[in-house]
Amino acid sequence: MGQLLKRMTRGVALLPVAALTGALAYAQDADLEARLAALEESVNSSASSYVDNSYLFLIGGIIVMLMAAGFMCLEVGLVRSKNAAMQSMKNVVLYAVAGFMFWLVGYNMAYPGSTILGGLLGTTPVIWSGGDLEAMSDAGYAPASDWFFQMVFVATAASIVSGTVAERVKLWPFLIFTAVLTGFIYPVVVSWEWGGGYLDSAWAFSDFAGSTLVHSTGGWAALMGALIIGPRTGKYFGKQVNPMPGSNIPLAGLGTFILWFGWFGFNGASQLAAGTVTDINSVAQIFANTNMGAVGGTLFAMITTAVLYKGKVDATMVFNGALGGLVSITAEPLAPSMGASVLIGGVGGVLAVLTVPILDKFKIDDVVGAIPVHLVCGIWGTIIVAASYGNHIMPVEIDGELQTSYVGQLVGVLLTGVFVSIASVIVWTALKFTIGVRASEEEEMAGMDVSEVGLEAYPDFTNA
Amino acid sequence: MGQLLKRMTRGVALLPVAALTGALAYAQDADLEARLAALEESVNSSASSYVDNSYLFLIGGIIVMLMAAGFMCLEVGLVRSKNAAMQSMKNVVLYAVAGFMFWLVGYNMAYPGSTILGGLLGTTPVIWSGGDLEAMSDAGYAPASDWFFQMVFVATAASIVSGTVAERVKLWPFLIFTAVLTGFIYPVVVSWEWGGGYLDSAWAFSDFAGSTLVHSTGGWAALMGALIIGPRTGKYFGKQVNPMPGSNIPLAGLGTFILWFGWFGFNGASQLAAGTVTDINSVAQIFANTNMGAVGGTLFAMITTAVLYKGKVDATMVFNGALGGLVSITAEPLAPSMGASVLIGGVGGVLAVLTVPILDKFKIDDVVGAIPVHLVCGIWGTIIVAASYGNHIMPVEIDGELQTSYVGQLVGVLLTGVFVSIASVIVWTALKFTIGVRASEEEEMAGMDVSEVGLEAYPDFTNA
Amino acid sequence: MGQLLKRMTRGVALLPVAALTGALAYAQDADLEARLAALEESVNSSASSYVDNSYLFLIGGIIVMLMAAGFMCLEVGLVRSKNAAMQSMKNVVLYAVAGFMFWLVGYNMAYPGSTILGGLLGTTPVIWSGGDLEAMSDAGYAPASDWFFQMVFVATAASIVSGTVAERVKLWPFLIFTAVLTGFIYPVVVSWEWGGGYLDSAWAFSDFAGSTLVHSTGGWAALMGALIIGPRTGKYFGKQVNPMPGSNIPLAGLGTFILWFGWFGFNGASQLAAGTVTDINSVAQIFANTNMGAVGGTLFAMITTAVLYKGKVDATMVFNGALGGLVSITAEPLAPSMGASVLIGGVGGVLAVLTVPILDKFKIDDVVGAIPVHLVCGIWGTIIVAASYGNHIMPVEIDGELQTSYVGQLVGVLLTGVFVSIASVIVWTALKFTIGVRASEEEEMAGMDVSEVGLEAYPDFTNA
């Protein structure tokens, strides 16, 4: 109903100023003044930049949303077929839980109107209720576009945990952990930095799109989960590591590409504005650098795995290398040159490969390699940010502005790590001693699909 | 060739007004007037809103286009492996048929220049021939951007039918039905409402993005198909329902996410404009509400299935719950609050789960659950729109404007249902008694892949 | 850190002109002049078109980037399961190699500042180092947005080769070939036309989005690869062709849809600008025509295969028909009518089907049908461009401008073919006689996954 009306009247809004009268006969002041005033109003009321900024959040937001599908494909491809339906479903549900909790408490906690404890805790944990549709927000973009963009980030953090603890965690405790992570833990971390809190003001901590805030947060939560839940039955015999190969490598490859695709929104739209020359130039450069980070991660991981495995190139390591490169460039995807982006991502790719055997040594069973990719590369990417801002060791003040530094970055990494780890341990442990966190050995052997989902992922052709 | 020229000259268009002359020495009227006129022309000819609106259709359009891939994944994942190649191909071809027919007759029938029978039938069923590339369309957006956006909607309606009648319908009759649905049946329904026809003017019927016009239309056509074609051989034995589990649950999960992703275009771009503050604020709020509708559908469906199936959570029901939530919020994704959106979607999720056994009771064999999701949730979403517009029971007139009401919404639902059902029955029946609509029992047992496509979907690893 | 600051100050940029002073008391010239000057500066500095153009490249670019995933799905679906992990990984790595090489040399070679040999060779093969973030580029768009958009095109050309030579080429020689193709061969071809070189100036050659420059270039390189590497072991016995069916048809279908989706960016953003009415109208029309090209390809291929195979419709032929239609419309997706687009694409669809047995006759083993789709349809699409520009046989000059003609188009096709073929033969042959290009028969039988990747694609359910 409203649509038809809009169809008919919209054209009018496009021509806010009266057409030129043609002959310029009498150039009278009063006439000139009226025309000028009309023009001023037209220009001043232009929503052009406002629309450009909002589009950045909306388009960036939906492609980050698709990263949830990318995580699903990656994780489902890397679990055994008897857990594939569970993993598929868990990824859909966790995205829903993350959105629900971020609406209910998370968003206002992450971007609080006021804080206590020196910026450590926001004090507005209330439901986010949308903005005024008629008014131009002072922020320079549509209010809901920001909510949407921030929401898909919290879902990313939750997706990271899902992969690590796969194949043995039970559905309900996982969902409860997800709810706490997305409603409380993640928002607190975000409030310290993007919310303008402690890390931002006291340490000039810099994390452009979330190597630490999103990826390490997810990584620490995953690590604590892996420690408390324990490895899959049969994964480790003494010093022997029993490989449990993923059941659908092409699906993992598709997931990798979808995540790479979504990362342009993740990093690009984190510029937060696109309506000026500098902003759109920056968004474009972020796209290019983000791609080069992934390029570096892919190529370096490929070479590393070829060296380690006598010429054979482990596909899953290459996929994780690409993702490790992306995580690494996320903390600062604008300042580095294209070549530096290749190197930053490349180191990430190497770390993603080398961390895997170390985790196995400690019998930390990370099904999809999320800890190497998101936690280790997240730390690396965050620390190296200081190289783009004058290589300061300590956060010195120059011209009255505190400088980003290696120590400042490390403080941010550690504070996040300590807080997320403690909070995660509390929640995982509480779940363990109440409803329990892992399936029985019998259920695990049968597969989570049979025991938790009640159907098989691939009933027509599973031999396993 | 033209591209190079464009590369070199484009910059000029960006600076349509002469640079400032610097010193503001003689402020003469004539000079001022000339500068003002130049500026007026520059501002008046600005395409900013026009571009913003067109971008909404183009970007929204391509992600709705990707929903065709989402339907393909969902349906292929939910059929048995012996029908998976057929289902893949059918989804590609139906998208092509929909585009062809909507160009040939559909678009001009849906948005007719003139109507007869009190707005019930458009009278311009001619080929759509594009717009003037040089001129700014009065509609406020590029003409082809609207054609494109409307076209991907009709493909959605056709995709709905494809899932319900899978695993036994023959290819050619299905394609003929698709051609009639997309070229004639759907356009007539759309003309009543978005085309400004009967339902819009007489009942203040409101269906923002198509819970009824797109989803129920597809749903009614699917229901009639299921009734006339009959259930799959062996599906029902007396009162017993023989489960025929889907062969690739992860693919169905991916399809669910792709559909969820595409829905931001489906609902968001149905705002039809993005060039003003109110429009872009609204698009953003629609994104947020659409997500919350899906969140509600997912979570409520999960809880419902857990209650029904003793703690186990049926993955396919969760997927359909998400989609049911999305269909439910589609009729009015702007007016409800975020919390109301969760509830509207949540009821949809419950309906999507509860309708399945009812259909089975009547031996209506809907392979993918499209009737619960698109028809039942489409009706629910359409009726509840009245709650956002003053809870009027009847379409009363206030300040000269007819109000959206429960009865008005019901009339729209019923008129659409009656018309689409009768038209579908006629077409399906005509096909049944001429070229036949379903494969022989022998062909069905062998699988449609062997009998209709001539190759297997998964030749290397099918046991079934 | 910078983000918070941006959040707080961004609003200001939206209101560059002082608010209206209200009462229009004294309309003095000096005052008017100041207001006019302020307004002029505001309008002149508006980034609106600049942002619109850059968005076209960025959004178009990411969806073309996703075509890499589409190629992966298509190719993985069409190889046997024992080569599926290799094919997945190869597609990720080739995209990385393409980006790396295009940064290192390709981009500046394709769009050189100066040329030698009458425009045949650019002379600036240096690293692309980004643009000035603060300045508005004279080109009318963000510099990095163009780099990004051009980079995803070169990746497309590389993806084409990957499918043809699948199942027997070794990883490292393939990657070296990819590096040469994307760093040198493709950029030289592009420089002749989009770079404003020989073909553009001497023959008025016209190739809007790359039927020849991208698709035929990839196709010729693939053809030479197939000839030099030879067919898969067991594919041809005397005159008998041994079918080696693809292992995952639904994945190939998904790949087809993803490619179709990406093509809207491929063709649409090749308009290179979107900030004016004519440009955005053109982008929209290109979307519509591109879709109709694919529609024609799909439907014509379906009918052709049904006729050839006694009513059965080969799904893989339908997928390739859609892609053949897309390649065919790529050389000129704006000028033809919607109906002409159906026909142009339709002929492409028929060619895609009919070329397959011809290749088999010559024992050219093209695993996925990339040569029919990209080379043959690329040639067809390029030649038929002349029909949209006055049907000139020879490149006559009218009003001082050289006209696009059939002969001119043919010259472009042939020059590209000769150059790419010779260059490819040199590289493939050099690889053959040094590190070798194909796996041993034993490795080929075991599958590339085991021999090159060291893991299986589908370990839980492969029978083959």
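Don't overthink the numbers, they just go from 1 along the chain as shown.
Keep in mind that glycine also has a Cβ here, set from the backbone N, Cα and C atoms.
In TrEMBL, the feature transmembrane segment is placed on B:316-334, out of the ranges B:31-49, B:316-334.
Sequence-distant contacts of the transmembrane segment (B:171-189) (same chain, six or more residues past either end, CB-CB distance under 8 Å): 86, 89-90, 93-94, 97-98, 100-102, 104-107, 109-110, 120-122, 154-155, 157-158, 161-162, 165, 213-214, 217, 221, 225, 416, 419-420, 423-424, 427-428, 431-432, 435-437, 448, 452. Within the same chain, residues 65, 68, 72, 122, 124-128, 147, 150-151, 154-155, 157-159, 162, 171, 174-175, 178-179, 182-184, 186-188, 190-191, 194-195 sit at least 6 positions outside the transmembrane segment (B:92-111) and bring their C-beta atoms closer than 8 Å to a C-beta of that stretch. Within the same chain, residues 153-154, 156-161, 163-165, 168-169, 177, 181, 185-186, 189-190, 193-194, 266-267, 270, 327-328, 330-331, 333, 364-366, 370-371, 373-379, 381-382, 412-413, 416-417, 420-421, 424-425, 428-429, 432, 437-438 sit at least 6 positions outside the transmembrane segment (B:209-229) and bring their C-beta atoms closer than 8 Å to a C-beta of that stretch.
Nonlocal intrachain contacts for the transmembrane segment (B:286-309), taken as residues 6+ away from its ends with a CB within less than 8 angstroms of a stretch CB, comprise 260, 263-264, 267-268, 270-271, 317-318, 320-326, 328-330, 333-334, 336, 338-339, 341-350, 352-354.
Remark: the transmembrane segment (B:316-334) contacts the transmembrane segment (B:371-390), by the rule of 3 or more CB pairs under 8 A. If one looks beyond the transmembrane segment (B:55-80) by at least 6 residues along the same chain, the residues whose Cβ comes under 8 Å of a Cβ in the stretch are 87-88, 91-92, 95, 141-142, 145-146, 148-149, 151-153, 155-156, 159-160, 162-163, 166-167, 244-259, 261-266, 268-274, 283, 316, 319, 367-369, 447, 457, 464. Distant neighbours of the transmembrane segment (B:410-431): 173, 176-177, 180-181, 184-185, 188-189, 192-193, 198-199, 203, 205, 207, 212-213, 216-217, 220-221, 223-225, 228-229, 379, 382-383, 437; these residues of the same chain sit at least 6 beyond its ends, with a Cβ under 8 Å from one of its Cβ atoms.
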